[in-house]
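Feature annotations, courtesy of TrEMBL:
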type	residues	note
DOMAIN	9-639	domain 'Myosin motor'
BINDING	Gly102, Glu103, Ser104, Gly105, Ala106, Gly107, Lys108, Thr109	ATP binding site
REGION	529-551	region 'Actin-binding'
DOMAIN	756-899	domain 'TH1'
Amino acid sequence: MAEHESLEFGKADFVLLDSVSLDEFMANLKLRFEKGRIYSYIGEVVVSVNPYRAMNIYGRDTIEQYKGRELYERPPHLFAIADAAYKAMKRRNKDTCIVISGESGAGKTEASKYIMQYIAAITNPSQRAEVERVKNMLLKSNCVLEENYPVGKVKSVFKCIFQLVKGAPDAQLRSLHIQRDPTAYTYIKVGGQIKSSINDSADFKAVTDAMKVIGFTTEEIQTVYKILATILHLGNLKFGSDGDVTLIENSKLVSVLGDLLSTKDENVEKALLYRTVATGRDVIDKQHTHQEASYGRDALAKAIYERLFCWIVGRINDVIEVKNYDARVHGKNTVIGVLDIYGFEIFQNNSFEQFCINYCNEKLQQLFIQLVLKQEQEEYQREGIPWKHIDYFNNQIIVDLVEQQHKGIFAVLDEACMNVGKVTDEMFLQALNGKLAKHAHYTSRKLSPTDKNLEFDRDFRIRHYAGDVVYSVVGFIDKNKDTLFQDFKRLLYNSSNPVLKAMWPEGKLSITEVTKRPLTAATLFKNSMISLVENLASKEPYYVRCIKPNDVKSPLLFEHERCKHQVEYLGLLENVRVRRAGFANRQTYPRFLQSHTYDKEAVKRLLQGCGFEHDVAYGKTKVFIRTPRTIFSLEEQRAEMVKRIVLFLQKVWRGTLARMRYRRMRAALIIIRAYRRYKVKSYIREVNRRFKNVRGMKDHGKHVKWPTPPKVLRKFEEALRNIYNRWWAWTLIKDLSPEEMVQIRAKVATLECLKGQRADLGLQRAWEGNYLVSKKDSPGTASSFTLVSSDLQRKDKFMRVLFSCNVRKINRFNKAEDRALLITDRHLYKMDPVKLYKPMKSIPLYNVTGVSISPGKDQLVVFHTKDNRDLIVCLQGMVPAGDSRIGELVGTLLSHFKR
């Protein structure tokens with residue numbers, strides 16, 4: 001059973017369905033498609049549904065997941081079957097073949113590409129370049145080739161010629177004498193009414209470029225298009241009669257054909273109108289009738305196209321052939337074949353082409369079932385498991401119905417074509433009715449008169465393995481003959497074009513040489529199929545069945561009836577029945593051990609303990625399980641046990657991880673602590689070393705550089721610096737007088753407040769404070785100020801004068817007057833120096849809310865008050881002139897208010 005996929009995606013292997021029915025098969029196929037699982041298994045067969053979208057499942061990572069793995073170790077994939085084929089070739093030295101079947105649009109070409117991509121990717125580097133070369137050649141050939149069977153003649157002739165007419169450059173069409181109008185040519189007139197592709201030019205260029213890449217020369221490519229043009233012009237040839245003489249009505253086309261075929265015009269005309277007959281030694285030219293000339297023309301068109309196709313196939317085979325191969329050096333020349341073949345066809349009107357392709361699918365289905373049964377039987381024998389007969393639909397009876405000598409439909413058709421005289425399709429149908437009247441898988445309207453689905457003298461029905469198909473005999477005789485007069489072969493052999501000449505080697509026979517009757521199309525096709533089946537039977541086959549989910553290329557639409565029809569004609573349900581007839585699943589003991597238990601005896605005890613001993617068999621290397629239910633039951637029990645085991649392992653592992661983390665953390669903590677202690681001690685020792693003699697230093701250690709502390713001691717270092725700075729400051733001020741201390745505090749306050757705000761704070765000079773008692777500032781009025789000051793002290797009871805100075809007062813009207821300013825520890829006084837310092841205004845200090853100063857040299861000061869009647873003054877009258885006292889004023893007030 002394919003692993004790593006939940007049952008929500010359906011059963012990865014159809015063998016494991018609960019019951020084998022078409023409805024259950026379709027339901028599982030639809031579910032997997034809708035869940036994005038485009039690949040499934042039927043045992044070792046891959047079922048592929050075209051997703052009609054790009055899928056990220058083919059990259060290098062995916063290749064590595066499947067490389068060297070067994071088929072069921074990963075989810076279903078093309079890479080799994082490609083790897084199985086590659087291992088069979090490399091390990092067991094076996095030729096292998098991967099058969100890819102399905103109808104047009106089912107994804108066969110893409111499957112081929114991905115299989116070749118995988119094989120190229122896993123090949124040894126020394127051989128990879130050659131594998132890549134062959135892969136690229138084969139992929140390029142896809143747009144050049146179609147099936148080399150009758151089914152391909154109609155489809156590919158129309159496709160490539162229509163592409164030439166619609167897509168070739170104008171100059172090239174002129175050289176080929178072709179108009180860009182499909183309706184102008186009889187052979188493709190019906191097709192010309194079909195809407196052409198918008199990419200006709202691109203498609204034509206792609207084919208031409210592909211031929212160049214493959215290795216076709218310019219002359220060879222031009223010959224290919226000349227042959228296609230010849231077919232077009234042949235279809236337009238019209239014959240008329242003048243009495244008993246047959247004529248070509250549009251004789252201008254003869255010279256066109258002569259130019260395209262590189263031969264003389266008269267030789268072309270003679271080959272079209274006459275047939276050379278040798279009677280003993282005599283040679284005569286027998287003129288064609290109108291009907292014979294028309295038949296010869298059509299036969300020539302078909303024949304030169306078939307020769308062209310076979311020549312192209314041969315050229316491609318020459319290109320991809322392994323070069324410089326030496327069996328003594330490289331060993332046995334083993335191969336992996338990739339066969340991309342069209343699937344079963346059931347159309348509204350089925351003719352000779354559908355009959356051949358359906359016979360092909362019958363042969364391949366017969367081989368497929370036989371090989372599956374053979375593989376099953378061989379595996380049972382290897383493992384010592386008794387083999388029981390498996391009932392299945394053996395389509396050998398249908399194969400015999402078609403190909404049996406003397407009695408088969410091909411034999412009856414060939415016999416009809418060899419009869420002398422006029423033979424019609426109706427006569428062929430009558431012969432079939434006579435020979436096959438009692439055959440269980442054949443009927444016609446004559447044999448079933450009440451069956452109105454069949455037309456009299458036209459239809460017969462074959463009961464194929466994929467279902468009933470009604471065929472119309474119209475055209476069977478002409479399509480089967482498909483022979484060519486020897487005159488045409490000589491005409492083409494004598495062409496001056498070497499490529500065209502090489503396609504017709506039998507044209508060198510002289511007129512008198514007797515040649516065998518050419519084989520019919522049916523015989524050629526039958527022989528080709530027999531050869532193909534023999535080739536496949538000699539190899540170890542692998543199968544890919546491709547399904548087209550809808551006709552509109554939608555990635556979401558799964559058309560039930562459309563897919564059901566393909567499942568039926570691909571024989572997928574029959575494949576499931578054959579695979580399920582014995583034991584649905586088998587695994588090697590080592591493989592089973594990985595899932596469930598440890599050895600063969602333990603496997604037996606496990607299965608007996610679960611009650612499944614009646615549903616299994618024990619081989620030499622594998623355990624065989626009969627029904628899917630046993631497998632799923634084991635998987636369910638295993639999944640439940642795995643959960644418990646996983647929980648237990650998780651618990652143990654989590655505990656182990658926790659203990660490991662604890663031990664690491666504890667060890668880290670011990671190391672960190674020890675390291676921190678070391679760093680702390682080192683730092684403290686270093687600080688002690690640097691600062692132990694600071695008392696004896698002139699600057700008390702101010703020049704000493706502090707060592708860098710560890711992170712853990714950064715805050716400690718800040719505290720230590722503060723302690724040092726306080727000690728250093730104490731050493732400076734310990735011998736100062738109280739008056740000097742007052743000044744120091746005021747200067748410190750100024751520095752803290754105004755540092756960086758003004759250039760000159762007056763810190764370098766002595767601060768006197770009460771400048772109006774100084775004879776320097778007021779040489780003639782100092783005594784008057786002293787008297788007024790004493791009166792105010794008695795009156796207002798202030799303790800000391802903080803600051804006094806001459807000022808210039810500025811009022812609200814921008815009027816300036818000389819005044820004096822006295823600030824005590826209780827009041828601020830504005831005085832008139834002219835009137836012997838008479839107090840003009842007294843402001844209690846508790847009413848002063850703030851002081852503002854200007855940054856300039858004007859020494860402007862604003863005293864803000866609670867009643868918003870601010871006092872604005874400029875300090876003046878300093879001796880020496882220009883001496884700044886703003887710093888002293890601010891510092892004194894700050895120091896006072898701090899105290």
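Glycine residues also receive a Cβ, built from the backbone N, Cα and C atoms like all the rest.
Unlike curated entries, TrEMBL annotations are predicted automatically.
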Nonlocal neighbours by CB distance (under 8 Å) for Ser104 (ATP binding site), same chain, sequence gap 6 or more: Tyr342, Lys548
DSSP-derived helix, strand and coil totals, residue by residue, for the region 'Actin-binding' (529-551): 9 helix, 8 strand, 6 coil
Which listed residue (Gly102, Gly105, Gly107) has most other Cβ within 10 Å, given these are binding-site residues: Gly102
Other residues, Cβ within 8 Å of Gly102, Glu103, Ser104, Gly105, Ala106, Gly107, Lys108, Thr109 Cβ centroid (ATP site): Asn50, Gly343, Cys546, Lys548
For Ala106 (ATP binding site), the number of other Cβ atoms found within 10 Å of its own Cβ: 23
Local Cβ density at Thr109 (ATP binding site) - other Cβ atoms counted within 10 Å: 16
Per-state residue totals over the domain 'TH1' (756-899) - DSSP helix, strand, coil: 37 helix, 50 strand, 57 coil
CB contacts for Lys108 (ATP binding site) [other CB atoms within 10 A, all chains]: 24
